[in-house]
Amino acid sequence: MRTRAGLPFNGQKTGLTCVAVMASTLLLSACHTSSVASGKSGQHVATSTASAPTIALVLGGGGAKGFAHVGVIKALEANNIHPNLVVGTSVGSFVGSLYASGKSAAELERIARTTADSELTDFTLAYQGIIEGNKLRDFVNLQVNNQPIEAFPIRFGAVAAEKHSLAKTAFTQGEAGLAVQASSSVPNVFIAPRIPDPKTSGIVGKKYIDGGVVSIVPVDSAKALGADIVIAVDLQINKNKNTSPSGIKDANRSLWSLIEQGYNSYLNSSAKDSATQAYRQHYAAINEAEIGRADVVIRPDVATISAITTLDREKAIAAGAAATEQNLPAIRAAIAKAHVQYRLNN
């Protein structure tokens, strides 16, 4: 069993050009970024050295709607489509880490159906948050057999934000559980984990928060990690659409109600900041611009599925599978095009 040492990592870090915030029950998107790869001397910095195009599956944030990611993977696997890079934000990093570690769609579906909220949450009384996050960390490490990220059969990146600067980092090495914990640490709900930088020996490290603060669907991170094709999964809904999530009445008994409160609290605490207000006015366009850089965008019909309760797991899984089936022609066309381009360039 691995000890809880700090996470040694090659993080792809990016400087933000605007301020990002959280809102409502869904995390908001990334600011425009400029990427600079960084890593410990002698370690592999994530770049594409594959003998075929790099097909990235990018899994976005969205709370309990993230069960749809399992359906997406199920449909891709059934149609013999196998990504060789997975990048996730928040719940996308959770599902993505298990998939990239070698779990089949059937195994993911079993975990999705049988895992209770209590297996992932450890409540505490602390001013930084009400959930430690260690249960989530331990659960992921157990499910991936304590493999470090760099040992996964599929390359993987978990996107998180440094708490104070909001600098975006894609964790591509080290302890998987800690990377997912960081990517999923909703401000005001989860206590932000501290992750040492291997380049600064003896330093306690920085704190990281939910990746949705900087990139709800981390298309740009996937491209920075060498993706030739990006298949993105967007769990956001049309906010103008009249929806009534079926599980909302039970939200007061759910982990996800706490997450919603945390989002709203985080948003309100930043409301007086003029830069934050300006970003809030433009976040939708910025987010759509990043998603628009994907080759294919899968948008499961999760409008009537609550992001704050886990009661609709089956419905979310089915929605993910159905949306993927609808996009199969576009996915196959993008892959075929990439193979042609790869042969021309090599």
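Glycine residues also receive a Cβ, built from the backbone N, Cα and C atoms like all the rest.
Listed in TrEMBL for this protein:
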ACT_SITE  Ser90  active site, nucleophile
ACT_SITE  Asp210  active site, proton acceptor
DOMAIN    57-223  domain 'PNPLA'
MOTIF     61-66  motif 'GXGXXG'
MOTIF     88-92  motif 'GXSXG'
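Within the same chain, residues 27, 58-66, 69, 156-159, 183-184, 186, 210-212, 215-218, 233 sit at least 6 positions outside the motif 'GXSXG' (88-92) and bring their C-beta atoms closer than 8 Å to a C-beta of that stretch. Cα spacing between the residue listed as 'active site, proton acceptor' and the residue listed as 'active site, nucleophile': 6 Å, rounded to the nearest whole number. Within 10 Å of the C-beta of the residue listed as 'active site, proton acceptor' there are 30 other C-beta atoms, taking all protein chains into account. A simple way to gauge crowding: the CB of the residue listed as 'active site, nucleophile' has 32 other CB atoms within 10 angstroms, across all the protein chains here. Broken down with DSSP, the motif 'GXSXG' (88-92) shows 2 helix, 2 strand, 1 coil. In the predicted model, the motif 'GXGXXG' (61-66) has a mean pLDDT of 90. Per-class residue totals from DSSP over the motif 'GXGXXG' (61-66), listed helix then strand then coil: 4 helix, 0 strand, 2 coil.
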